[in-house]
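Novice: I'd like to ask you about the structure that follows.
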Amino acid sequence: MNDTAADAATLDDAAAPAGRPALTRREQKEAYENNKLFKRIVRQVGQAIGDYNMIEQGDKVMVCLSGGKDSYAMLDVLLRLRERAPIDFDIVAVNLDQKQPGFPEHVLPEYLKQVGVPFHIENQDTYSIVKRLVPEGKTTCSLCSRLRRGILYRVAGELGATKIALGHHRDDIVQTLLLNMFYGGKLKGMPPKLQSDDGKNIVIRPLAYVKETDLEKYAELREFPIIPCNLCGSQPNLKRAEMKALIREWDKRFPGRVDNMFNALAKVVPSHLMDTTLYPFQSLRATGEADPQGDIAFDEEPCASGDDAAAPGAAQPISIVQFDDL
């Protein structure tokens, strides 16, 4: 069954569920679009996993769960993929309870028991440390992130996890690229897979190809018990918020622009940049032979089209899972 046939079947089923009144055309259309959303997200996550070999046979994946929409969606999709994957891997969900005032400690354990996922709650009062060290009114995100990262690395070792999965998505990656360009003066993004600072862990980002707007819709449809992210009382990261607003505006006014920016991260041409550590500019000499990559930038229209313009997440599905039944 191809995607079109599967979508049609889902729509037909939604039109007349047993024992219930037939759905209106609007409800049928919503069901159809929701089914497409589910399939798109699962496909994009599967594609990212395949492209970067994020999960391998026998892995134990530690899914870091914060209680936000992104980490809930990541866990939900990984569980779906595991059911149909041609490899065996384990999943353990981990939440770091940082003892923020008002944090609903019961929410995540109840949810994880409901879905039947092994989990571990790590209790560490990093909230008090951050509040003591960071002046009032300043953002605590940077220090909090460093403390949280160190704890999660330790927990991964204690649990025997071979991969640490974080819930960063496409928008996070593009935001980081822009932040580094505008405020750091360097071309640096957020990799889909990396070795941790201590050299002992592999960190993966299965949502790397997924748009934040899709995750927002997904979380609403799945009715995840979202925990607010502002319990710490920290001021928001204004620079990142600025980049987020910029990306949202571009997505609305210039469809495809953000996708092309994201796609560019996987199509780097060092010979047409200025980093001498990536390309031997100083030793470059005329060889007398034509170089197809020489000054091609001056000859071709820079706007991509067709296959070249496709975002990484739009590539063909990987073999980790069949999507017909999703």
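Note: Cβ is positioned from N, Cα and C throughout, glycine not excepted.
What Swiss-Prot records for this protein is below:
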| type | residues | note |
| --- | --- | --- |
| REGION | 1-26 | region 'Disordered' |
| COMPBIAS | 1-18 | compositional bias 'Low complexity' |
| MOTIF | 66-71 | motif 'PP-loop motif' |
| BINDING | Cys141, Cys144, Cys232 | [4Fe-4S] cluster binding site |
Novice: Which entry in the list of binding-site residues, Cys141, Cys144, has its Cβ near the fewest other Cβ atoms, using 10 Å as the limit?
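Specialist: Least crowded of the binding-site residues Cys141, Cys144, by Cβ count within 10 Å, is Cys141.
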Novice: By DSSP, how many residues in the motif 'PP-loop motif' (66-71) are helix, how many strand, and how many coil?
Specialist: 3 helix, 0 strand, 3 coil
Novice: Mean pLDDT over the motif 'PP-loop motif' (66-71): what is the value?
Specialist: 95
